[in-house]
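Copied over from Swiss-Prot, here are the features:
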BINDING   Gly64, Gly65, Arg86, Asn190  substrate binding site
SITE      Lys29  site 'Transition state stabilizer'
SITE      Lys249  site 'Transition state stabilizer'
Amino acid sequence: MEKLLERVNHILEALPYITKYSGKTVVIKYGGAAMAKADLKESFAKDIVLLKYVGIHPVIVHGGGPEINRLLDSLKIPTEFIHGHRVTDTQTMEVVEMVLTGKVNKQIVSMINSQGGKAVGISGKDGNLAKAVKAPIEIELEGKEKQLFDVGLVGRIESINPEILHNLQKEGFIPVISPVAESVEGDSLNINADTFAGEIAGALEAEKLILLTDTEGILIDGKLATGLSRGKMKEYIRKGEISGGMIPKVECCLAAIDQGVNRTHIIDGRVSHSILIEIFTNQGIGSLIES
């Protein structure tokens, strides 16, 4: 009986959050270990379906780097790197789009639908969802100032037209978006999935943006930091306390906040049901950044 009461208490703990977020949009960037391990994939799909059943509108933007690497290797397509960043030429971009939109996207859709959801897979090209421009990347070389490097068909979002997402949500569907967009010249461009998720969240005026990562969250002096303001994050970056791959994730969160997203979260996707823990428990998980 005690165990049953404990389960009931867990459900009751979620009630105020269900009330608060019902009818709201939550954008989730799906990537890392959560996409690789079978048990985590299943828990992710169940989390998404449960969100929909309690009236929350999840929108998913996904990555897929490891799958791209595997197919490029199997096809023996040579890859050029500039300071660790892949150069995406036309042949590589064909593989990127095929893997992200044709394979990974449909696997996620199938996974969610198998748990009782109604997911629909699209890319940034569908319904003119996203327009992008080819953009160089900024790299800070040791002992030198930041420099710009051309890495091929890699883009930056110029505009989002969320009409297709609104229509899908209105009909009860869960949008699953691959991070490929089209330039005004008609070229397919690979977009950073974190950045794309942030832009989608801003355009939808989402209540939350959640980034699933392979870390606990933002670590400052080895300790998990949360309840962080925009100003504090800028200070941490300036002082070098946030560095490497975490910087673009934080900048993505800050950009989303600037566009009106209320709360952004960087959470540990290696933890089963981390999305539900974040949204429906008092303690939450990972790092919260808010305006």
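Here the Cβ of each residue, glycine as well, is placed from N, Cα and C on the backbone.
On a predicted model such as this, the values are computed, not experimentally measured, just so you know.
Comparing Arg86 (substrate binding site) with Lys249 (site 'Transition state stabilizer'), their Cα atoms are 19 Å apart once rounded. Each residue contributes its Cα atom, and for Lys29 (site 'Transition state stabilizer') and Gly64 (substrate binding site) these two points are 11 Å apart.
Remark: Gly65 (substrate binding site) has Gly31 as non-local neighbours, by Cβ distance under 8 Å and separation of at least 6 in sequence. Excluding Gly64, Gly65, Arg86, Asn190 themselves, the residues of that chain whose CB lies within 8 A of the CB mean position for the substrate site are, in sequence, Gly63, Ile68, Asn69, Thr88, Val96, Leu100. Neighbour counts were taken as the number of other C-beta atoms within 10 angstroms of each residue's C-beta; across the recorded positions Lys29, Arg86, Lys249, the minimum falls on Arg86. Its Cβ taken as reference, Asn190 (substrate binding site) is surrounded by 24 other Cβ atoms within 10 Å in the chains shown. Gly64 (substrate binding site) has a Cβ environment of 22 other Cβ atoms inside 10 Å. Distance noted between the C-alpha atoms of Asn190 (substrate binding site) and Lys249 (site 'Transition state stabilizer') is 17 Å. Gly64 (substrate binding site) and Lys249 (site 'Transition state stabilizer') have their C-alpha atoms 16 Å apart, to the nearest angstrom.
In this structure, Lys249 (site 'Transition state stabilizer') is part of a helix by DSSP.
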